[in-house]
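Asker: Encoded as structure tokens, here's the structure I'll be asking about.
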Amino acid sequence: MMPTPVILLKEGTDTSQGIPQLVSNINACQVIAEAVRTTLGPRGMDKLIVDDRGKATISNDGATILKLLDVVHPAAKTLVDIAKSQDAEVGDGTTSVTLLAAEFLKQVKPYVEEGLHPQIIIRAFRTATQLAVNKIKDIAVSVKKEDKDEQRSLLEKCAATALSSKLISQSKEFFSKMVVDAVMMLDDLLQLKMIGIKKVQGGALEDSQLVAGVAFKKTFSYAGFEMQPKKYQSPKIALLNVELELKAEKDNAEVRVNTVEDYQAIVDAEWNILYDKLDKIHKSGAKVVLSKLPIGDVATQYFADRDMFCAGRVPEEDLKRTMMACGGSIQTSVNALSDDVLGRCELFEEIQIGGDRYNFFTGCPKAKTCTIILRGGAEQFMEETERSLHDAIMIVRRAIKNDSVVAGGGAIEMELSKYLRDYSRTIPGKQQLLIGAYAKALEIIPRQLCDNAGFDATNILNKLRAKHAQGGMWYGVDVNNEDIADNFEACVWEPAIVRINALTAASEAACLIVSVDETIKNPRSTVDAPPGGRGRGRGQTPQPLRPRSVALS
């Protein structure tokens with residue numbers, strides 16, 4: 001008699017296991033890498049991505065492209081996640097980390113197909129990653145922080161390297177100086193949120209400027225605004241989350257009055273409440289009033305009569321940055337506007353930039369802050385410029401905190417590849433083959449730089465292997481002359497932490513995907529829609545929703 005089969009998973013559950021599904025996962029990661037492969041390096045191409053709402057984005061930043069792609073394959077999502085983590089941690093190297101992870105998987109695919117146990121692959125990869133990280137730390141060049149000129153030169157070169165692969169690479173000298181100035185203006189914590197980036201359409205890229213303080217676009221204002229002064233020396237600043245305007249009653253509000261005098265008393269009370277708030281703000285000594293909520297026409301004219309400046313509907317991010325820079329605190333009431341809760345700055349002024357007016361707070365005493373005002377033509381171009389500057393700012397912050405650098409342009413990858421290949425010859429067994437595969441995978445970076453520039457990759461990689469074998473450890477791809485060059489002498493520098501982070505993240509992602517031996521996809525549960533009602537509350541009783549089934553593995 002046949003035993004009764006045990007049905008564990010719900011009907012329709014998709015399960016795949018063994019070598020075929022592991023190979024399928026590796027192939028999915030290859031497809032993700034193909035999407036960003038051509039964006040690597042100074043000769044990389046850009047991608048035009050249109051989302052479901054029709055918004056177009058032009059970018060060659062790996063993390064941005066992968067965020068915008070609606071990836072559904074669960075294994076491929078791992079590569080998207082490591083690109084995001086690289087972007088959040090160090091800002092640059094997002095395309096490199098995706099390519100490395102995909103190439104590690106590609107190199108071990110033959111071993112997987114032959115039935116080599118995944119744990120042997122994982123052990124070899126972890127050994128190779130540890131050796132590579134230690135090698136980077138050994139050969140990285142440290143820059144003395146005591147010599148400010150040398151440190152500044154290092155930071156500018158790191159920023160220029162990060163910008164050389166971007167859309168604004170023609171202006172990398174201009175922007176690398178601006179980025180270094182911006183980061184140097186911050187205090188020791190180097191908080192990213194203390195650097196604001198504002199975009200103003202019109203003008204050339206070189207019209208962009210750095211403001212040593214807080215700047216934001218003038219908000220919507222009512223009649224009477226033109227009478228207010230637009231410049232103050234050492235003003236006190238009131239930061240509010242209070243509505244200063246007369247508003248219509250809420251829906252379904254009802255006031256019953258018997259006489260006209262009663263109605264007049266209600267109207268007078270509303271005006272008195274508003275004027276009472278305005279008087280308290282005026283008596284506090286504040287000359288600049290910023291509020292997250294609207295400031296109406298009555299309040300605007302009241303402040304104009306008393307030589308005060310006001311701005312309502314200020315974005316929360318700008319209000320918080322002003323508070324952190326100028327001191328004080330955001331008040332939800334005007335009853336306790338003492339000197340302690342008012343902010344201060346050396347100079348407040350409103351300036352015309354392009355077609356917009358901007359409010360500037362400079363000489364802020366509390367926290368050092370700055371704002372980059374970008375100029376340019378198309379909106380997509382300016383958004384990509386903002387993303388490029390974000391990457392450069394992150395790189396400069398990392399270089400200040402970790403002051404060791406390595407040469408870019410594929411130089412460090414070729415040196416690690418040679419080092420691991422030499423090491424693999426000293427050990428026996430399967431580990432030798434796997435560490436050799438890891439070493440070969442590292443060559444994807446210089447190879448892809450050559451392919452993207454239209455060079456003969458095989459010829460240049462042969463030259464690089466020969467040069468590194470002779471001890472030229474900083475030799476990498478020279479994209480300007482279709483040759484190899486000492487990239488340390490050519491000032492193509494990157495913080496060592498960027499490469500370390502990329503290697504460890506790519507290796508961990510590859511190990512994670514290799515360690516998955518079964519994929520189980522639950523079927524989507526179909527939920528019955530409740531029947532339509534007949535009028536308000538007079539229909540049939542709606543059926544309760546069924547809970548979603550969860551399959552067990």
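Start at 1 and count along the chain as shown; that gives each residue its number.
Just so you know, glycine gets a Cβ as well, placed from its N, Cα and C.
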Asker: Gly41, Gly93, Ser96, Arg398, Gly409 show up in Swiss-Prot as binding ATP; which entry in Arg306, Arg499, Arg524 does that record put in the same site?
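Answerer: Site partner of Gly41, Gly93, Ser96, Arg398, Gly409 for ATP, according to Swiss-Prot: Arg499.
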Asker: Could you work out which of the binding-site residues (Thr94, Ser96, Ser165) has its C-beta surrounded by the smallest number of other C-beta atoms within 10 A?
Answerer: Ser165
Asker: Considering only the binding-site residues Gly41, Asp92, Ser96, which fall within 10 Å of Gly409 (ATP binding site) when distances are taken between Cα atoms?
Answerer: Gly41
Asker: If one measures from the C-alpha of Arg499 (ATP binding site) to the C-alpha of Ser165 (ADP binding site), what distance in angstrom results, rounded to a whole number?
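Answerer: Rounded to the nearest whole number, the Cα-Cα distance is 16 Å.
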Asker: Hey, how far is Glu494 (ADP binding site) from Asp92 (Mg(2+) binding site), Cα to Cα, in Å?
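Answerer: Glu494 (ADP binding site) and Asp92 (Mg(2+) binding site) have their Cα atoms 10 Å apart.
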Asker: Quick check for the class: what is the C-alpha distance, in angstrom and rounded, between Thr94 (ADP binding site) and Arg398 (ATP binding site)?
Answerer: 15
Asker: Where does Arg499 (ATP binding site) sit in DSSP terms: helix, strand, or coil?
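Answerer: It is helical.
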Asker: Calculate the distance in Å between the alpha carbons (Cα) of Ser165 (ADP binding site) and Asp92 (Mg(2+) binding site), and round it to a whole number.
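Answerer: On Cα coordinates alone, these residues lie 11 Å apart.
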Asker: Just checking a number: largest C-alpha distance across Gly41, Gly93, Ser96, Arg398, Gly409, Arg499 for the ATP site, rounded to a whole Å.
Answerer: 20
